[in-house]
Amino acid sequence: MPSLRTPIIAANWKMHKTTAESKQFVTEVRDPIGNMENVTIVICPPFTAIESLSGCLSGTNLLLGAQNVHFAEEGPYTGEISPAMLTELGVRFVIVGHSERRAYFNETDATVNRKVQAALHHRLVPIVCVGEDLAEREAGQTFSIVESQIRLALGGLDASAAEQAVVAYEPIWAIGTGRSASAANANEVCRHIRQTIASLFGDTTANKIRIQYGGSVKPETIQDYLQQPDIDGALVGGASLDPQSFVGLIRAAIQK
Ligand SMILES: O=C(CO)COP(=O)(O)O
């Protein structure tokens, strides 16, 4: 039976693009993809560009995401951004637990879990990132690593909350390296993630939740991933920065 899950393609711009550059990007992609159907398209710019893009994206089907959020409602957390600050600007998605945040900003499974809960409480869809590093892959630990990350990230949720989340499987060794997991292998890991979700929340939730692959995805390769039964989209870094390349990604995605 074909999946009923709508594909979701998210652009993670990381620390790229000023506000002026972000607006220029949207001007170039809005017409070619701004009214495409049967695909969820999310742009996650730096925080500084969110308010401007919120205006540029209104009236299109391009949705706004953020790259991080704090779990507290408010408080003495210098440099941090709360869920309400994001929702006020029309942000609908937030990336949580990206491997770069885990590696460089001390994000742990425990803080990821608190962020997931805070996001869902504010009706922000968390894009929960999991994935193994090269040493873990070579030691045959991929399944156990992603399973443990999922169990901890989604801990304490009930099924109706969990199924709102999106999961992104991003093997760390494939991020920004030009090296990517084969589509079949990425699907095996995504299937394992889905089975883990089924064991936590039941089959209905597992069948509803969308799981993306991320790691050196390009317009030429995205279809290979999306044709896999357990891969419902892509979280894209480098190839999402150029407007033409981004349009190419979305066009390919809707041919799933
Ligand atoms: O980290 C990623 C998206 O979150 C993937 O980045 P690249 O697509 O540049 O490999």
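In case you wondered, yes, glycine gets a Cβ from its N, Cα and C as well.
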(request) Given that TrEMBL annotates Asn12, Trp13, Lys14, Gly176, Gly237, Gly238 as binding substrate, state which candidate in Ser160, Ser199, Ser216 belongs to that site as well. (result) Ser216
(message) Neighbours of the substrate site Asn12, Trp13, Lys14, Gly176, Ser216, Gly237, Gly238: Cβ within 8 Å of the Cβ centroid, same chain, sequence order.
(response) Ile175, Val236, Ala239, Ser240, Leu241
(request) Please list residues from the chain of Trp13 (substrate binding site) whose Cβ is under 8 angstroms from its Cβ, counting only those at least six apart in sequence. (result) Ser22, Ile43, Cys44, Pro45, Pro46, Gln67, Gly237, Ser240, Leu241
(request) Please determine which of the binding-site residues listed here (Asn12, Ser216) has the lowest count of neighbouring CB atoms within 10 Å. (result) Ser216
(message) If I take the alpha carbons of Glu170 (active site, proton acceptor) and Gly176 (substrate binding site), what is the distance between them in whole Å?
(response) 11
